[in-house]
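> Residues annotated as Zn(2+) binding site in TrEMBL: 292, 338, 339.
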C-alpha cells in the first residue's frame, strides 16, 4: 500500500481544513488572552519579544497584517490587542534604559529592549500613530552606535539573540515591514563588516585555520541559529549585495558555510557546538533537533546559500534537515518555535517554498495536528513562558497562520530568506 506522501508525490491534492485551523488559532488566542497578564512587571516583560509580552504584541500585529485570512473587524481587534500588550512592555523597557547601564538589555533584539522598540514601531505604524512610530524607530536606530563597537558585550557581541547579528536582523525586518529605509544600507554594511572582522579575529586568535569566520558566546563556539555562526552568517547574507561586497568577504562567508555543511551528520543534523565534533560528538539519540541548536536552525542558512549561489549541495542539505525533522522533530519541550514542535514545522513550510513539493505542506500540517493530540498534551512539558512567542503558544499561532498561507510563510522576527 502506498503511503499518503507517495500518493501526494503522484499529484493528489492535499486538503488542509482551514476552518479547523482557524478555530484552533482562536482557541489559543483565548488561552493567551485569559492566562497572560499585561503589566510592566519583570515576570511579564523580561526577555524581550522572545519570552516577554512584546512577543505577544508581535503575534497580534502579525495577525492584523493578514487581511486575506481575517476580516477588517478582526484585524482591527488584533491591532487593539497588540497595543494592550506593547504599552506595558514599552514602560518596562524605558525603565530599564533609565536605570541600567547594561548594554545587553538595551541592544538585544530578541531578548531585550531593541526588540521591544521594534515591535512598538510596528504596532504604532499599524494603528496609524505616526508620532509614536517615529519615536520607536528612532530609539531602535540610535542603538546602532553601540553595535558598531567591535566587542561591546563581554561574553560575545555577534550572535542573534542579544548581539550584532540580531540588531542587523531587526533593522532588515523593520525596513521591509515599514516600507522605508529606517536603517541606511551604509550603516548595515558597517555593522556587517564589524561582524566579519570579529569572526576573522576570533578564528585567527584560536588558530582555526579550517574556517575563516568563527564566534563564541560565553566561551562556547556555537554552530546553530540562536547563538552560533549559522545564525550570524545567515543575517549577513540577508543584507542586500553584502556577500559580494568584496571578493574576500564572499570567500570567507562561503568557505564558512561550506565548513558548516561538512559538519552535517549522517542523520542530517548539525552539532550544537565545536566541542561536540569527532570523538566528543553526542550519540545520535541525544542530538538536539531544535531551531536554537541543530538542523531546524541551520537549515535557514543553507536555504539562503542555495538561493544566493544556486548550488545543489545546499538544497540537498535542506532536504536532509527536513527528513530528519520529519523523523525526530516531534519534541517534548512544548509547542513553541525555539525548541518546540512549531519551530520544527516551520522548516517544512520553508522547504515547500523552496521546492513547491506538496509533501512538505503535508508534513507541516501533520505537525500542526500533533500539537492538539492527547499524546502531545500528556507527553510534553509546560515551558517556562507557555504563552510567549518563542517558547509558547504565540509562536504556534504564527506558525498556524502561515500554514494557511504557505507561499509567504516566514519565521517570526526573522528575515525572509527569499528577499
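Keep in mind that glycine also has a Cβ here, set from the backbone N, Cα and C atoms.
Any TrEMBL annotation is an automated prediction that lacks curation.
Here the structure is a predicted model, which means the values were calculated and not measured.
Would you situate these features in the structure and describe their surroundings?
Every protein chain considered, the tally of other Cβ atoms within 10 Å of the Cβ of residue 339 (Zn(2+) binding site) stands at 24.
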> For each of the binding-site residues (292, 338), count the other CB atoms lying within 10 A of its CB, then report the residue with the highest count.
338
> With a radius of 8 angstroms around the mean position of the C-beta atoms of 292, 338, 339, what other residues of the same chain does the Zn(2+) site pick up?
226, 290, 291, 293, 297, 333, 336, 337, 340, 343, 390, 391
